[in-house]
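To keep things clear, I will list the structure first and then write my remarks on it.
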Amino acid sequence: MASTAAGQVIRCRAAVAWEAGKPLVIEEVEVAPPQAMEVRIKVLFGSLCRTDVNFWEAKGQTPLFPRIFGHEAAGIVESVGEGVADLKPGDHVLPVFTGECKECRHCKSQESNMCDLLRINTDRGVMLNDGKTRFSINGKPIYHFVGTSTFSEYTVVHVGCVVKINPEAPLDKICVLSCGISTGLGATLNVAKPKKGSSVAVFGLGAVGLAAAEGARIAGASRIIGVDLNPKRFEEAKKFGVTEFVNPKDYDKPVQEVIAEMTDGGVDRSVECTGNISAMISAFECVHDGWGVAVLVGVPNKDVVFKTHPINILNGRTLKGTFFGNYKPRSDLPSVVEKYMNKELELEKFITHEVTFSEINKAFDYMLARDGLRCIIRMDG
């Protein structure tokens, strides 16, 4: 059982990844008190994102072990470090993998959410304050992951990565807003910005793509075309407002030509959520000339090159990218929570599984089997 005392070390359970690709092990860890500008959070609910799995597998990523993964979660502030003014013990919060210091040029700009101090860093396994970890087992450091490490009953996070939210919001639902769902939703609502009655194509119908479709539904798009190589995803996607489906494998021509024929020249907006370079090019080339906007969300292999004929741009198509749906975490996520509270945003349909903390490896099994969307992890079990 976890014990708590502000300013003291807490001993609690955490799911530790000792080696790449090996099952997580529930261990008792020591969690140090928060230092200056840090917050210690009691994590109540979490969910598993594909990014956790990718870095746990460490195929192509820099391996850093032992490590505590997890970055989609919700909890309650247990204690705060020196200099933390806008959070107090008992506040309901979302820890987020990227931050908002509110002081740098990006944070002061209305056009960016890419904080100089706190933007995502997947290689760093220590805290910014002193370059040390807050987790240990018998004095051995256990590394952090993207500044959150929420697969622990308690975690320590930089205050700029902690979002205070409505205490009435159910933490077992809104925990999914810490990463993927907000990324897809914001890509549509904040970047693509489809008009009511417009047409939108969404490439990739995983959780992020379905969140992009949900954004198109909220915006009032009349046609939402889902593009995916897996036909099993099509039925599920209808719940998110998708009206038509295209499987590129069913055609002997490029999918952008198929979509252009379906929509009298192209869709008004497209959102690409796979990271596949061919899908990225198709998403751009399938938007209508003169006004079409394509938004890239998926992260591609570092060696690929985006190629298209310049005439596609000269003819009035716009290509945009986005990071975390252009949401500034501390400033903007509370309003996303309110969209859920007002029943404008539906989160329940993203949640397809639930496990207790002691069963956390089942969540990885579901993700690896591409079974469902988000798996909720109850930290009390």
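Note that Cβ sites are derived from N, Cα and C of the backbone, with glycine treated the same way.
As written in TrEMBL, here are the features:
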{"type": "DOMAIN", "residues": "37-166", "note": "domain 'Alcohol dehydrogenase-like N-terminal'"}
{"type": "DOMAIN", "residues": "207-338", "note": "domain 'Alcohol dehydrogenase-like C-terminal'"}
Reported mean pLDDT - the domain 'Alcohol dehydrogenase-like N-terminal' (37-166): 97
Residue counts for the domain 'Alcohol dehydrogenase-like N-terminal' (37-166) under DSSP, helix then strand then coil, are 15 helix, 40 strand, 75 coil
Mind tallying the domain 'Alcohol dehydrogenase-like C-terminal' (207-338) by DSSP state, helix then strand then coil? 59 helix, 22 strand, 51 coil
